[in-house]
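Scroll down for the structure; my scribbles are underneath it.
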Amino acid sequence: MAATSARSVAWQWLAVAAAVAAASLIGGTPAEARRGGKESIGFYELRRGEFSVVVTNWGATILTVNLPDKNGHIDDVVLGYKDIGSYVNDTTYFGALVGRVANRIAGGRFTVKGHAFHTYKNDGKNTLHGGHRGFNQVFWSVRERATGHFPYITFYYRSYDGEQGFPGALDVLVTYKIDGDYSFSVTMYARPVDDGKPTPVNLAQHTYWNLRGHGNGTILDHSVQIFASAVTPVGAGLIPTGAVSPVSGTPFDFRAPAPPGARIADVPGGGYDINYVLDGEADGQGVRKAAVVSEPTSGRVLELWSDQPGLQFYTGNFLKGDEGKGGARYVKHGGLCLETQDYPDAVHNAKFPTEIYRKGQEYKHYMLYKFSLAKK
(Lines of atoms letter the chains of each structure in order from A and count residues from 1; the text may use other names and numbers.)
(Lines give C-alpha, C1' and ligand atoms only; values in the text may rest on other atoms or scores of the structure.)
Protein backbone atom coordinates (compact mmCIF):
# COMPACT_ATOMS: atom_id res chain seq x y z
CA MET A 1 0.00 0.00 0.00
CA ALA A 2 1.29 3.44 -0.88
CA ALA A 3 1.96 5.73 2.03
CA THR A 4 -0.94 8.13 2.63
CA SER A 5 -0.99 11.18 4.86
CA ALA A 6 -3.57 11.05 7.61
CA ARG A 7 -4.72 14.59 6.87
CA SER A 8 -5.38 13.80 3.21
CA VAL A 9 -7.48 10.80 4.29
CA ALA A 10 -9.57 13.06 6.52
CA TRP A 11 -10.17 15.51 3.69
CA GLN A 12 -11.15 12.64 1.37
CA TRP A 13 -13.84 11.63 3.85
CA LEU A 14 -15.05 15.22 4.12
CA ALA A 15 -15.35 15.47 0.35
CA VAL A 16 -17.24 12.19 0.14
CA ALA A 17 -19.65 13.33 2.83
CA ALA A 18 -20.98 16.21 0.76
CA ALA A 19 -21.71 13.90 -2.15
CA VAL A 20 -23.42 11.02 -0.37
CA ALA A 21 -24.94 12.22 2.90
CA ALA A 22 -28.22 13.51 1.52
CA ALA A 23 -28.85 10.64 -0.89
CA SER A 24 -27.59 7.78 1.23
CA LEU A 25 -28.50 8.83 4.75
CA ILE A 26 -31.03 11.62 5.10
CA GLY A 27 -33.22 10.04 2.44
CA GLY A 28 -32.63 6.53 3.71
CA THR A 29 -33.97 4.56 6.62
CA PRO A 30 -32.40 5.88 9.86
CA ALA A 31 -35.11 6.38 12.45
CA GLU A 32 -34.15 9.97 13.22
CA ALA A 33 -34.47 11.01 9.57
CA ARG A 34 -37.87 9.33 9.30
CA ARG A 35 -39.04 11.27 12.34
CA GLY A 36 -38.10 14.54 10.64
CA GLY A 37 -34.83 15.17 12.45
CA LYS A 38 -32.13 17.43 11.05
CA GLU A 39 -29.13 15.26 11.78
CA SER A 40 -26.14 15.49 9.46
CA ILE A 41 -22.97 13.50 8.97
CA GLY A 42 -19.78 14.88 10.46
CA PHE A 43 -16.18 13.73 10.15
CA TYR A 44 -13.67 14.54 12.88
CA GLU A 45 -9.92 14.09 12.95
CA LEU A 46 -8.02 13.66 16.21
CA ARG A 47 -4.32 14.27 15.58
CA ARG A 48 -1.07 14.24 17.50
CA GLY A 49 1.93 14.55 15.19
CA GLU A 50 1.83 11.86 12.53
CA PHE A 51 -0.67 9.76 14.52
CA SER A 52 -4.34 10.39 13.77
CA VAL A 53 -7.78 8.90 14.23
CA VAL A 54 -10.78 9.86 12.07
CA VAL A 55 -14.29 9.25 13.42
CA THR A 56 -17.86 10.03 12.37
CA ASN A 57 -21.09 10.60 14.27
CA TRP A 58 -22.83 7.98 12.10
CA GLY A 59 -22.71 5.00 14.45
CA ALA A 60 -19.94 6.70 16.50
CA THR A 61 -17.66 4.90 14.06
CA ILE A 62 -13.87 4.82 13.79
CA LEU A 63 -13.07 5.32 10.10
CA THR A 64 -9.27 5.43 10.04
CA VAL A 65 -6.28 5.04 12.34
CA ASN A 66 -3.06 6.27 10.74
CA LEU A 67 0.42 5.64 12.11
CA PRO A 68 3.95 4.97 10.86
CA ASP A 69 5.65 1.62 10.38
CA LYS A 70 9.29 0.83 11.19
CA ASN A 71 10.38 2.63 8.01
CA GLY A 72 8.33 5.74 8.71
CA HIS A 73 5.60 5.00 6.17
CA ILE A 74 2.12 6.06 7.28
CA ASP A 75 -0.64 3.50 6.81
CA ASP A 76 -4.27 3.24 7.78
CA VAL A 77 -4.51 0.09 9.91
CA VAL A 78 -8.29 -0.31 10.23
CA LEU A 79 -10.74 -1.73 7.72
CA GLY A 80 -13.55 0.45 6.43
CA TYR A 81 -15.79 1.23 3.50
CA LYS A 82 -14.98 3.50 0.56
CA ASP A 83 -17.76 6.00 1.42
CA ILE A 84 -20.15 6.69 4.24
CA GLY A 85 -23.13 5.49 2.24
CA SER A 86 -21.76 1.96 2.43
CA TYR A 87 -22.10 2.02 6.22
CA VAL A 88 -25.90 2.28 5.95
CA ASN A 89 -27.44 -1.18 6.35
CA ASP A 90 -23.94 -2.54 7.01
CA THR A 91 -23.80 -5.90 8.79
CA THR A 92 -20.00 -6.08 9.04
CA TYR A 93 -19.77 -3.40 11.77
CA PHE A 94 -16.53 -1.85 10.52
CA GLY A 95 -15.33 0.47 13.31
CA ALA A 96 -18.78 0.82 14.86
CA LEU A 97 -19.91 1.39 18.43
CA VAL A 98 -22.35 -1.50 18.90
CA GLY A 99 -25.21 -1.85 21.39
CA ARG A 100 -27.55 -1.61 23.28
CA VAL A 101 -26.25 -5.14 23.85
CA ALA A 102 -23.17 -6.23 21.93
CA ASN A 103 -22.81 -9.81 20.75
CA ARG A 104 -25.77 -12.22 20.79
CA ILE A 105 -28.99 -12.58 22.75
CA ALA A 106 -30.31 -16.11 22.31
CA GLY A 107 -33.75 -16.30 20.77
CA GLY A 108 -34.09 -12.51 20.70
CA ARG A 109 -35.78 -12.76 24.08
CA PHE A 110 -34.94 -12.11 27.73
CA THR A 111 -36.72 -11.58 31.03
CA VAL A 112 -36.13 -8.87 33.64
CA LYS A 113 -38.05 -8.93 36.94
CA GLY A 114 -40.60 -11.33 35.49
CA HIS A 115 -41.27 -9.26 32.37
CA ALA A 116 -40.40 -10.77 28.99
CA PHE A 117 -38.92 -8.61 26.25
CA HIS A 118 -38.50 -9.49 22.58
CA THR A 119 -35.65 -7.88 20.64
CA TYR A 120 -35.25 -7.66 16.88
CA LYS A 121 -33.81 -10.90 15.45
CA ASN A 122 -31.14 -10.04 12.90
CA ASP A 123 -28.95 -13.15 13.20
CA GLY A 124 -31.17 -16.10 12.48
CA LYS A 125 -33.18 -16.72 15.63
CA ASN A 126 -30.96 -14.40 17.69
CA THR A 127 -30.34 -10.70 18.22
CA LEU A 128 -26.84 -9.53 17.27
CA HIS A 129 -25.23 -6.22 18.34
CA GLY A 130 -28.51 -4.62 19.36
CA GLY A 131 -30.68 -5.57 16.38
CA HIS A 132 -30.94 -4.49 12.78
CA ARG A 133 -30.86 -0.81 13.83
CA GLY A 134 -28.45 -0.92 16.72
CA PHE A 135 -26.26 1.96 17.85
CA ASN A 136 -24.11 1.54 14.73
CA GLN A 137 -27.08 2.58 12.58
CA VAL A 138 -28.07 5.89 14.20
CA PHE A 139 -26.88 9.49 14.29
CA TRP A 140 -24.98 10.53 17.39
CA SER A 141 -24.70 14.20 18.36
CA VAL A 142 -21.42 15.88 19.26
CA ARG A 143 -21.55 16.68 22.96
CA GLU A 144 -18.01 18.01 23.39
CA ARG A 145 -14.86 18.43 21.33
CA ALA A 146 -11.34 19.66 22.09
CA THR A 147 -8.12 20.10 20.13
CA GLY A 148 -4.58 20.58 21.39
CA HIS A 149 -2.05 18.03 22.63
CA PHE A 150 -4.76 15.60 23.81
CA PRO A 151 -7.65 16.05 21.36
CA TYR A 152 -10.93 14.28 22.00
CA ILE A 153 -14.54 14.13 20.91
CA THR A 154 -17.60 12.96 22.82
CA PHE A 155 -20.70 11.64 21.04
CA TYR A 156 -24.14 11.34 22.66
CA TYR A 157 -27.18 9.21 21.83
CA ARG A 158 -30.56 8.86 23.56
CA SER A 159 -31.89 5.34 22.95
CA TYR A 160 -35.62 5.50 23.30
CA ASP A 161 -37.85 3.16 25.33
CA GLY A 162 -38.66 0.13 23.19
CA GLU A 163 -35.91 0.71 20.63
CA GLN A 164 -35.26 -2.67 18.98
CA GLY A 165 -37.35 -4.14 21.80
CA PHE A 166 -35.20 -3.01 24.75
CA PRO A 167 -36.96 -1.57 27.81
CA GLY A 168 -36.50 1.98 29.04
CA ALA A 169 -34.75 5.00 27.58
CA LEU A 170 -30.95 5.02 27.85
CA ASP A 171 -28.48 7.91 27.66
CA VAL A 172 -25.20 6.87 26.04
CA LEU A 173 -21.88 8.70 25.71
CA VAL A 174 -18.65 7.66 24.01
CA THR A 175 -15.41 9.63 24.06
CA TYR A 176 -12.53 9.06 21.65
CA LYS A 177 -9.34 10.67 22.90
CA ILE A 178 -5.67 10.72 21.89
CA ASP A 179 -3.88 10.18 25.21
CA GLY A 180 -0.26 10.19 24.04
CA ASP A 181 2.05 10.13 21.05
CA TYR A 182 0.71 6.79 19.80
CA SER A 183 -2.19 5.92 22.04
CA PHE A 184 -5.89 6.61 22.15
CA SER A 185 -8.73 5.65 24.46
CA VAL A 186 -12.39 4.85 24.11
CA THR A 187 -14.60 5.57 27.12
CA MET A 188 -18.27 4.53 27.06
CA TYR A 189 -20.95 5.50 29.57
CA ALA A 190 -24.63 4.64 29.72
CA ARG A 191 -27.38 5.52 32.21
CA PRO A 192 -30.96 4.24 32.25
CA VAL A 193 -33.46 7.09 32.25
CA ASP A 194 -36.81 5.57 33.20
CA ASP A 195 -37.89 4.47 36.67
CA GLY A 196 -38.92 0.84 36.94
CA LYS A 197 -37.44 -0.16 33.59
CA PRO A 198 -34.09 -1.91 34.12
CA THR A 199 -32.31 -2.81 30.92
CA PRO A 200 -29.34 -4.86 29.76
CA VAL A 201 -26.34 -2.83 28.57
CA ASN A 202 -23.17 -4.18 26.98
CA LEU A 203 -21.40 -1.84 24.56
CA ALA A 204 -18.43 -2.76 22.37
CA GLN A 205 -16.07 -1.11 19.89
CA HIS A 206 -15.99 -3.19 16.70
CA THR A 207 -12.89 -2.02 14.80
CA TYR A 208 -11.14 -4.48 12.48
CA TRP A 209 -7.33 -4.25 12.67
CA ASN A 210 -4.66 -5.16 10.15
CA LEU A 211 -1.35 -3.78 11.37
CA ARG A 212 0.24 -4.26 7.96
CA GLY A 213 -2.28 -1.77 6.60
CA HIS A 214 -5.91 -2.31 5.66
CA GLY A 215 -6.32 -4.36 2.50
CA ASN A 216 -2.83 -5.85 2.79
CA GLY A 217 -3.66 -9.55 3.00
CA THR A 218 -4.79 -11.49 6.03
CA ILE A 219 -4.00 -11.26 9.72
CA LEU A 220 -3.21 -14.97 9.99
CA ASP A 221 0.53 -14.27 10.38
CA HIS A 222 0.08 -11.51 12.99
CA SER A 223 1.27 -12.46 16.45
CA VAL A 224 -1.56 -12.47 18.99
CA GLN A 225 -1.37 -12.73 22.77
CA ILE A 226 -4.57 -12.74 24.86
CA PHE A 227 -4.27 -12.60 28.63
CA ALA A 228 -6.96 -15.16 29.36
CA SER A 229 -6.92 -18.72 30.70
CA ALA A 230 -10.51 -19.54 29.80
CA VAL A 231 -13.25 -18.96 27.24
CA THR A 232 -17.03 -19.14 27.30
CA PRO A 233 -17.60 -21.97 24.76
CA VAL A 234 -20.45 -21.69 22.30
CA GLY A 235 -22.97 -24.02 20.72
CA ALA A 236 -25.38 -23.55 17.83
CA GLY A 237 -25.65 -19.99 16.56
CA LEU A 238 -22.50 -19.00 18.50
CA ILE A 239 -24.53 -18.81 21.71
CA PRO A 240 -22.54 -19.48 24.91
CA THR A 241 -23.36 -22.75 26.63
CA GLY A 242 -23.01 -21.15 30.06
CA ALA A 243 -19.76 -22.96 30.80
CA VAL A 244 -16.34 -21.42 31.40
CA SER A 245 -13.66 -23.71 29.96
CA PRO A 246 -9.85 -23.56 30.20
CA VAL A 247 -7.90 -22.83 27.01
CA SER A 248 -5.00 -25.11 27.95
CA GLY A 249 -4.47 -27.80 25.33
CA THR A 250 -6.90 -26.19 22.85
CA PRO A 251 -6.44 -24.02 19.73
CA PHE A 252 -7.90 -21.13 21.77
CA ASP A 253 -4.76 -20.82 23.89
CA PHE A 254 -3.07 -17.47 23.16
CA ARG A 255 -1.50 -17.00 26.57
CA ALA A 256 1.83 -17.08 24.74
CA PRO A 257 2.11 -15.07 21.49
CA ALA A 258 1.10 -17.12 18.43
CA PRO A 259 -0.18 -16.47 14.90
CA PRO A 260 -3.92 -17.18 14.47
CA GLY A 261 -3.18 -19.09 11.27
CA ALA A 262 -1.18 -21.75 13.09
CA ARG A 263 -4.24 -23.51 14.54
CA ILE A 264 -7.20 -21.89 12.84
CA ALA A 265 -7.97 -25.09 10.89
CA ASP A 266 -8.76 -26.74 14.23
CA VAL A 267 -11.34 -24.12 15.18
CA PRO A 268 -14.98 -24.89 14.33
CA GLY A 269 -16.64 -22.44 11.98
CA GLY A 270 -13.60 -21.45 9.96
CA GLY A 271 -12.05 -19.02 12.40
CA TYR A 272 -11.98 -17.49 15.87
CA ASP A 273 -15.15 -15.85 17.18
CA ILE A 274 -15.32 -16.43 20.92
CA ASN A 275 -15.30 -14.61 24.24
CA TYR A 276 -12.19 -14.84 26.43
CA VAL A 277 -12.40 -14.56 30.22
CA LEU A 278 -9.63 -12.12 31.01
CA ASP A 279 -7.03 -12.92 33.67
CA GLY A 280 -5.12 -10.77 36.05
CA GLU A 281 -5.71 -8.14 38.63
CA ALA A 282 -6.86 -4.73 37.51
CA ASP A 283 -4.65 -1.76 38.34
CA GLY A 284 -5.77 1.03 40.65
CA GLN A 285 -8.09 2.35 37.95
CA GLY A 286 -9.75 -1.00 37.36
CA VAL A 287 -7.82 -1.56 34.12
CA ARG A 288 -5.77 -4.56 33.02
CA LYS A 289 -3.89 -5.66 29.94
CA ALA A 290 -6.17 -7.65 27.64
CA ALA A 291 -4.17 -8.39 24.48
CA VAL A 292 -1.05 -7.63 22.44
CA VAL A 293 -0.90 -7.90 18.65
CA SER A 294 2.23 -7.44 16.54
CA GLU A 295 2.98 -7.66 12.83
CA PRO A 296 6.52 -8.51 11.64
CA THR A 297 6.62 -6.72 8.26
CA SER A 298 5.59 -3.30 9.53
CA GLY A 299 7.01 -3.72 13.02
CA ARG A 300 3.81 -2.31 14.50
CA VAL A 301 2.61 -3.46 17.91
CA LEU A 302 -0.86 -2.89 19.39
CA GLU A 303 -1.41 -3.25 23.13
CA LEU A 304 -4.99 -3.20 24.46
CA TRP A 305 -5.99 -2.41 28.05
CA SER A 306 -9.55 -2.46 29.41
CA ASP A 307 -11.70 -2.64 32.54
CA GLN A 308 -14.08 -5.27 31.11
CA PRO A 309 -14.24 -8.95 32.16
CA GLY A 310 -14.31 -10.39 28.63
CA LEU A 311 -12.80 -9.98 25.17
CA GLN A 312 -14.32 -11.23 21.93
CA PHE A 313 -11.57 -12.33 19.54
CA TYR A 314 -12.83 -12.42 15.96
CA THR A 315 -10.76 -13.10 12.83
CA GLY A 316 -12.97 -11.68 10.09
CA ASN A 317 -14.43 -15.05 9.19
CA PHE A 318 -17.34 -13.57 7.25
CA LEU A 319 -15.33 -11.18 5.08
CA LYS A 320 -15.61 -12.20 1.45
CA GLY A 321 -13.96 -9.63 -0.76
CA ASP A 322 -15.87 -6.64 0.65
CA GLU A 323 -14.89 -3.43 -1.14
CA GLY A 324 -13.16 -1.01 1.16
CA LYS A 325 -11.25 2.26 1.20
CA GLY A 326 -9.06 3.07 -1.77
CA GLY A 327 -10.35 0.13 -3.79
CA ALA A 328 -9.10 -2.42 -1.27
CA ARG A 329 -10.76 -5.82 -1.16
CA TYR A 330 -11.07 -7.39 2.27
CA VAL A 331 -10.56 -11.11 1.98
CA LYS A 332 -11.56 -13.67 4.60
CA HIS A 333 -9.41 -13.10 7.71
CA GLY A 334 -8.42 -9.67 6.34
CA GLY A 335 -8.80 -8.10 9.79
CA LEU A 336 -9.15 -9.04 13.44
CA CYS A 337 -11.37 -7.61 16.16
CA LEU A 338 -10.58 -7.29 19.86
CA GLU A 339 -13.90 -6.38 21.48
CA THR A 340 -13.72 -5.96 25.24
CA GLN A 341 -17.14 -6.62 26.74
CA ASP A 342 -19.31 -8.34 29.29
CA TYR A 343 -19.87 -12.02 28.56
CA PRO A 344 -22.22 -12.70 25.63
CA ASP A 345 -25.82 -13.70 26.36
CA ALA A 346 -25.37 -12.84 30.02
CA VAL A 347 -29.13 -12.21 30.25
CA HIS A 348 -29.57 -16.00 30.10
CA ASN A 349 -26.66 -17.04 32.33
CA ALA A 350 -26.96 -16.15 36.00
CA LYS A 351 -23.34 -17.21 36.63
CA PHE A 352 -22.02 -14.59 34.19
CA PRO A 353 -21.41 -11.01 35.41
CA THR A 354 -24.70 -9.16 35.28
CA GLU A 355 -25.36 -6.61 32.55
CA ILE A 356 -28.69 -5.34 33.93
CA TYR A 357 -28.71 -1.65 34.93
CA ARG A 358 -31.38 0.43 36.64
CA LYS A 359 -31.97 4.15 36.93
CA GLY A 360 -29.31 5.56 39.24
CA GLN A 361 -26.71 3.03 38.06
CA GLU A 362 -24.04 3.81 35.50
CA TYR A 363 -22.47 1.52 32.94
CA LYS A 364 -18.80 2.34 32.22
CA HIS A 365 -16.43 0.75 29.72
CA TYR A 366 -12.86 1.87 29.14
CA MET A 367 -10.39 0.80 26.45
CA LEU A 368 -6.84 2.03 25.84
CA TYR A 369 -4.94 1.28 22.62
CA LYS A 370 -1.16 1.72 22.82
CA PHE A 371 0.87 1.51 19.60
CA SER A 372 4.62 1.06 19.34
CA LEU A 373 7.28 -0.43 17.09
CA ALA A 374 8.87 -3.79 17.83
CA LYS A 375 12.39 -3.57 19.19
CA LYS A 376 15.02 -4.62 16.68
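The first residue you see is number 1, and the count goes up from there.
Cβ from N, Cα, C; glycine included.
Annotation source TrEMBL lists signal peptide at 1-23.
Proximity of Asn103 (beta-D-galactose binding site) to non-local residues of its own chain (separation of 6 or more, Cβ distance below 8 Å) is seen for Leu128, His129, Asn202, Ala204, Asn275, Gln312, Glu339, Gln341, Pro344, Asp345, given in sequence order. If you look up TrEMBL, you'll see Asn103, Arg104, His206, Thr207, Tyr208, Asp273 marked as beta-D-galactose binding site.
Positions annotated as active site, proton donor by TrEMBL: His206. All protein chains included, His206 (beta-D-galactose binding site) registers 22 other Cβ atoms within 10 Å of its own Cβ.
Neighbour count (other Cβ atoms within 10 Å of the Cβ, all protein chains): 24 for Glu339 (active site, proton acceptor). What TrEMBL lists as active site, proton acceptor is Glu339.
Once the Cα atoms of Asn103, Arg104, His206, Thr207, Tyr208, Asp273, the listed binders of beta-D-galactose, are compared pairwise, the greatest separation found is 19 Å.
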